[in-house]
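Colleague: So that we are looking at the same thing, I have put the structure below in structure tokens.
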């Protein structure tokens with residue numbers, strides 16, 4: 001479902017989109033609706049999958065319901081909850097030459113911006129983002145080894161959609177750390193070069 005990763009770039013998220021506030025960093029949930037829907041669609045898809053044979057005798061109805069829930073979850077997490085809850089977003093665009101670019105965005109880590117991050121929301125976000133794809137992988141192996149071939153397409157869809165969001169947000173997180181590392185390395189390199197140049201000139 002994802003296009004080939006021809007090019008990637010890490011950028012800052014929404015340079016002038018949201019004005020920063022001076023609220024203290026607290027453990028309370030600042031975006032309850034986003035936090036609810038971050039878990040609602042993905043947990044509902046898992047519950048329907050586990051209880052589908054009890055809820056309905058129609059495989060098609062269960063499959064469509066699960067895929068709809070997974071699709072809603074993919075869109076909500078990719079476009080809404082990641083931006084609101086942890087200040088991250090990933091997306092893809094194709095330039096005029098037809099080249100695909102993957103962009104992994106993160107908010108600029110200013111002191112005021114850090115104060116607006118909720119630790120509770122961050123824990124909810126990453127817990128849901130990591131735990132649910134792991135469950136879908138377990139379901140995939142279970143369906144494979146129990147020869148429930150008809151469910152393989154459904155669980156693979158769960159692995160792909162939720163795994164894609166997990167990969168995208170990990171790239172956002174790692175990308176921001178990479179930028180800090182490269183800046184620190186560049187700074188140390190410049191200081192080392194200055195010291196060596198100064199020593200050569202005085203000798």
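Each Cβ is built from the backbone N, Cα and C atoms, and glycine gets one as well.
Per TrEMBL, the feature compositional bias 'Acidic residues' maps to 7-19. The region 'Disordered' feature in TrEMBL is assigned to 1-26. The transmembrane segment annotation in TrEMBL covers 33-51, 57-77, 124-145, 151-170.
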Colleague: Can you tell me which parts of the same chain pack against the transmembrane segment (33-51), counting only residues 6+ beyond its ends and a CB-CB cutoff under 8 A?
Modeller: 62, 65-66, 69-70, 72-73, 76-77, 80-81, 84-85, 121, 124-125, 128, 132, 135-136, 139, 151, 154-155, 158, 162
Colleague: Which bits of the chain, at least 6 residues beyond where the transmembrane segment (151-170) starts or stops, bring a Cβ under 8 A of a Cβ in it?
Modeller: 1-2, 42, 45, 49, 63, 66-67, 70-71, 73-74, 77-78, 82, 86, 88, 90, 104, 129-130, 132-133, 136-137, 139-140, 143-144
